[in-house]
Amino acid sequence: MKQKITVLGSTGSIGTNTLDVVARHPEQYEIFALSAATQVDLMLKQCAQFKPRFAVMASGPHAQQLAERLKQNSLQTEVLQAPDALEAIASHPDVDAVMGAIVGAAGLAPCLAAARAGKRLLLANKEALVVGGALFMDTVKRHGATLLPIDSEHSAIFQCLPEDRGSWAARVDSLLLTASGGPFRQRDPATLSEITPEQACDHPNFSMGRKISVDSATMMNKALEVIEARWLFDMAPEKIKVVIHPQQIVHSMVQFKDSSVLAQLGTPDMRVPIACGLAWPERIASGAPLLDFAKLAALTFEEADAHRFPGLHLSWQALRAPEGTTTVLNAANEIAVAAFLERSLSFDRIHAVNLQTLESVQPGAISSLEDLMALDARARAQAQAIARQWAR
Ligand SMILES: NC(=O)C1=CN([C@@H]2O[C@H](COP(=O)(O)OP(=O)(O)OC[C@H]3O[C@@H](n4cnc5c(N)ncnc54)[C@H](OP(=O)(O)O)[C@@H]3O)[C@@H](O)[C@H]2O)C=CC1
Ligand SMILES: CC(=O)[C@@H](O)[C@H](O)COP(=O)(O)O
Ligand SMILES: [Mn+2]
């Protein structure tokens with residue numbers, strides 16, 4: 001029987017890559033529901049191609065526009081509006097798997113809804129795990145959901161780890177996350193204040209959404225990925241290491257107690273981890289070119305420069321701090337990156353906003369999604385105020 005899939009964030013980089021893989025296997029997968037925020041034209045095209053039962057838009061006006069366009073084109077997809085509808089399409093009884101590809105903390109509630117409904121959850125939306133932390137993982141366990149990492153580094157680690165989770169503590173020495181170093185790996189740190197959003201979004205190997213592209217440029221993406229790895233693999237923060245690998249052919253590695261290292265390699269193309277998550281434990285064609293070792297130049301590795309990338313170390317600091325600190329860090333970073341993309345904050349001040357927000361927001365006790373969202377809102381308000389002080 002075909003697997004029915006909901007794609008949250010279908011108009012983004014991960015969403016469109018997911019649909020590309022799904023379209024290659026019409027005998028195995030069908031699209032149950034799609035969601036987007038603003039891109040009505042693209043959503044209309046996706047509805048025409050995949051004929052989902054539901055399409056969810058983030059705002060009333062976008063939902064209305066889409067409904068009109070679907071009607072004009074005699075398409076039957078029913079249009080619904082976020083936020084409640086996102087949780088409904090993520091947890092609907094007819095759905096087998098959910099791709100979490102919304103950017104930012106906005107994706108947390110529907111991912112949790114999918115977990116509570118015991119779905120197979122393909123998680124690209126790393127911020128959901130950074131914000132949700134222990135509560136997210138408890139929800140997955142309690143409701144028997146299957147959580148499959150889509151982020152390329154975590155997919156790599158997942159593929160390298162032994163199947164028997166119970167053996168990890170005895171066998172694994174450390175997780176080695178690879179990082180490209182982004183577009184400014186070799187740029188003079190004294191010139192970081194002049195960087196434009198266009199330069200920051202020009203990632204050396206991947207074409208991604210604007211927010212994650214800026215995160216890669218500051219290496220906050222790797223900071224978020226350290227936190228993501230801590231939760232996905234239940235690994236102590238000091239056992240998670242980062243090494244720069246500019247070619248991004250080795251997607252990450254696991255070092256074992258006997259000093260043996262297993263790595264996952266592949267073409268830098270997100271359709272590879274997406275296909276892996278969709279079909280796991282089977283393997284299906286992803287559409288990505290095969291890796292041609294005869295044509296590969298050198299694979300190189302280097303240490304991350306703490307002076308150039310001060311944000312990277314905030315991950316370990318936040319993981320050692322009281323619960324909720326990673327929620328504060330994520331909120332601050334979302335605000336700072338948005339301000340940078342709107343050109344009101346300079347690139348080098350993203351870190352200043354993150355640091356000052358962490359210093360000034362104390363998380364309280366967390367026992368529910370509401371607690372997390374209240375902390376997220378408080379941290380955002382504080383980060384906004386700090387970003388305004390630094391505004392240019
Ligand atoms: N791109 C990549 O290669 C990788 C991405 N990731 C992670 O995957 C997630 C998605 O990244 P990416 O695809 O690059 O991002 P994009 O910005 O390309 O896409 C984001 C998607 O989410 C929708 N969206 C944005 N804001 C909201 C909101 N408030 N409510 C509901 N929907 C919203 C967008 O809709 P619309 O476009 O219609 O406005 C779009 O469909 C991120 O968490 C990222 O860190 C992880 C590894 C690699
Ligand atoms: C493709 C992917 O998973 C991104 O997270 C990408 O790897 C960004 O890489 P860097 O953050 O190392 O530049
Ligand atoms: Mn990644």
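Backbone N, Cα and C atoms are what each Cβ position is placed from, and that goes for glycine too.
When the candidates A37, A97, A229, A236 are compared with the NADPH site entry in TrEMBL, which names T11, G12, S13, I14, N125, E127, G209, the shared residue is A37. Record check: TrEMBL places K126, S152, E153, H203, S216, N221, K222, E225 at the 1-deoxy-D-xylulose 5-phosphate site, and the matching candidate among S180, S259, S260 is S180.
Report note: the 1-deoxy-D-xylulose 5-phosphate site is defined by K126, S152, E153, S180, H203, S216, N221, K222, E225, and the residues of the same chain whose CB lies within 8 Å of the CB centroid of those residues, excluding them, are D151, A179, I212, D215, L224.
Cβ neighbour density within 10 Å is lowest for H203 among the binding-site residues K126, H203. Under the DSSP three-state reduction, H203 (1-deoxy-D-xylulose 5-phosphate binding site) is assigned to coil, being neither helix nor strand. When the binding-site residues I14, A37 are compared by the number of other C-beta atoms lying within 10 angstroms of their own C-beta, A37 comes out lowest. Within 8 Å of the Cβ centroid of the Mn(2+) site, not counting the listed residues D151, E153, E225, the chain contributes K126, P149, S152, H154, L177, N221, K222, L224, E228, A229, S252.
Here is what falls inside 10 Å of the CA of D151 (Mn(2+) binding site) among the binding-site residues T11, N125, K126, H203, G209, E225: N125, K126, E225. Secondary structure counts, DSSP: the domain '1-deoxy-D-xylulose 5-phosphate reductoisomerase C-terminal' (147-233) has 48 helix, 11 strand, 28 coil.
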